[in-house]
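Chemist: According to TrEMBL, the protein carries these features:
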- 362-375: compositional bias 'Polar residues' (COMPBIAS)
- 17-217: domain 'Heparan-alpha-glucosaminide N-acetyltransferase catalytic' (DOMAIN)
- 219-353: domain 'DUF418' (DOMAIN)
- 356-385: region 'Disordered' (REGION)
- 59-78: transmembrane segment (TRANSMEM)
- 90-106: transmembrane segment (TRANSMEM)
- 112-131: transmembrane segment (TRANSMEM)
- 138-156: transmembrane segment (TRANSMEM)
- 176-197: transmembrane segment (TRANSMEM)
- 209-229: transmembrane segment (TRANSMEM)
- 249-269: transmembrane segment (TRANSMEM)
- 281-306: transmembrane segment (TRANSMEM)
- 318-336: transmembrane segment (TRANSMEM)
Amino acid sequence: MRADASNLVAAARMPRRIDGVDAARGLALIGMFIAHVAPAVEALPAAEFLALADERPRLLFALTAGIGLGFMSGGMRPISEERGELRRQIAVRAVILIALGMLIWSTLNPLVFIILDVYGVAFLVMLPLIFVSRHVTLGAGIALLAVTPAVASIGAHSEFVNAVRQTPLKFLADWAVGGAYPVIVWVSVMLIGLALARYDLTSARVIGVTALAGTAAASVFLPISRLLPAPEMVADMAWSVPLRASLETLGNVGVGVLTVAAMLTLTALARPAVRRVAGTLLSPITAMGSMPLSIYTIHLVIIGLAKHVEDGVVTDDSWPLLIALIVGSMVFAWLWRRYLGRGPLERLLRWASGRSRAPTDRLSSPDASPATDQPASLPRLNGDP
């Protein structure tokens with residue numbers, strides 16, 4: 001009886017699904033679509049826009065993954081009981097993600113870097129850090145983010161890492177520092193996201209401070225990084241290469257933090273009329289962000305099957321494919337979430353990890369939640385990172 005009461009209290013304290021975070025995650029998915037299949041262009045403004053999609057979306061994705069872990073573990077009030085069980089569930093999810101990523105790589109071999117296995121490894125690394133205090137988590141995340149991109153840049157060009165890449169353990173080197181998504185960098189970003197989830201992301205003050213911090217980081221670090229030569233312009237591994245890597249990553253994470261704050265403002269803090277319009281316009285993107293594993297995996301399958309030879313080169317770049325991916329994902333996610341709730345692979349992952357069924361993500365009334373009788377403009381119930 002006491003255990004049941006504790007579980008009810010814990011369930012009541014679980015944070016709600018925040019549409020602004022889902023919208024930011026949906027934007028990250030769209031950004032990755034652009035990075036993966038948009039054809040190269042020569043016009044400078046368009047080329048610069050496409051270059052932005054190469055780095056910032058994946059960092060925004062890592063940031064929202066950290067926020068999701070924070071929500072899953074209790075949000076502002078981390079759970080005090082059954083922490084071992086929660087870690088077990090996260091570990092099971094991590095192993096499944098690693099296996100899924102390697103399965104897609106070995107069978108479809110899409111012409112993009114796959115984040116699923118790195119995502120899983122990062123989850124495993126995060127296990128002992130989930131319940132560290134928010135101040136320590138935030139400080140550690142920022143401190144690590146200042147140095148890990150430089151370490152990854154140096155490590156990726158080291159003789160040791162290059163030697164490991166010639167062995168069957170190549171994937172370990174790529175996971176750690178050598179790949180497109182180094183775990184040491186991802187964990188740093190996820191720590192910042194985890195810390196944000198420990199604050200009240202429905203508070204105007206918290207959102208305002210978050211926006212100011214993101215703006216400051218982007219405004220300071222990105223211009224400074226532009227003063228250093230691009231890596232391709234440097235003959236040797238000069239000191240400027242790792243320094244620029246850290247500065248760019250700090251600035252790009254700042255952009256991600258600002259994006260989350262902007263989406264939170266539009267969906268939670270703006271005037272009711274603005275919230276309604278923003279909620280309607282963003283609803284397909286928010287739906288995508290509520291089922292990132294499903295949308296990301298489906299897009300990998302599609303681009304893996306869409307490979308073709310063009311001018312003697314195997315490619316998957318295509319404007320029609322890009323448009324189809326974005327529009328198709330929005331329509332699929334919106335319809336699935338409206339009528340079925342949690343995404344298909346999210347359901348499967350939740351079942352496989354043994355996580356108990358949480359209240360539905362979808363509110364049946366446009367005006368109030370049947371469980372709480374609170375306005376629907378408040379954040380929705382959350383159960384997954």
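Using N, Cα and C of the backbone, Cβ positions are placed for all residues, glycine too.
Any TrEMBL annotation is an automated prediction that lacks curation.
Keep in mind it's a predicted model, so treat the numbers as computed, not measured.
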Chemist: Grab the same-chain neighbours of the transmembrane segment (281-306) for me: Cβ-Cβ under 8 Å, and only residues 6 or more beyond its ends, written as numbers and ranges.
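Modeler: Contacts of the transmembrane segment (281-306) (Cβ under 8 Å, skipping residues fewer than 6 from its ends): 17, 19, 21-30, 32-33, 36-37, 61, 64, 97, 100, 104, 108-112, 114-116, 263, 266-267, 316, 318, 321, 325, 329-334, 336-338, 342-346, 349, 361.
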Chemist: Could you please provide the mean pLDDT value for the domain 'Heparan-alpha-glucosaminide N-acetyltransferase catalytic' (17-217)?
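Modeler: Computed over the domain 'Heparan-alpha-glucosaminide N-acetyltransferase catalytic' (17-217), the mean pLDDT is 91 on the 0 to 100 scale.
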Chemist: Using DSSP, how many residues in the domain 'DUF418' (219-353) fall into helix, strand and coil?
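Modeler: Secondary-structure breakdown of the domain 'DUF418' (219-353): 106 helix, 6 strand, 23 coil.
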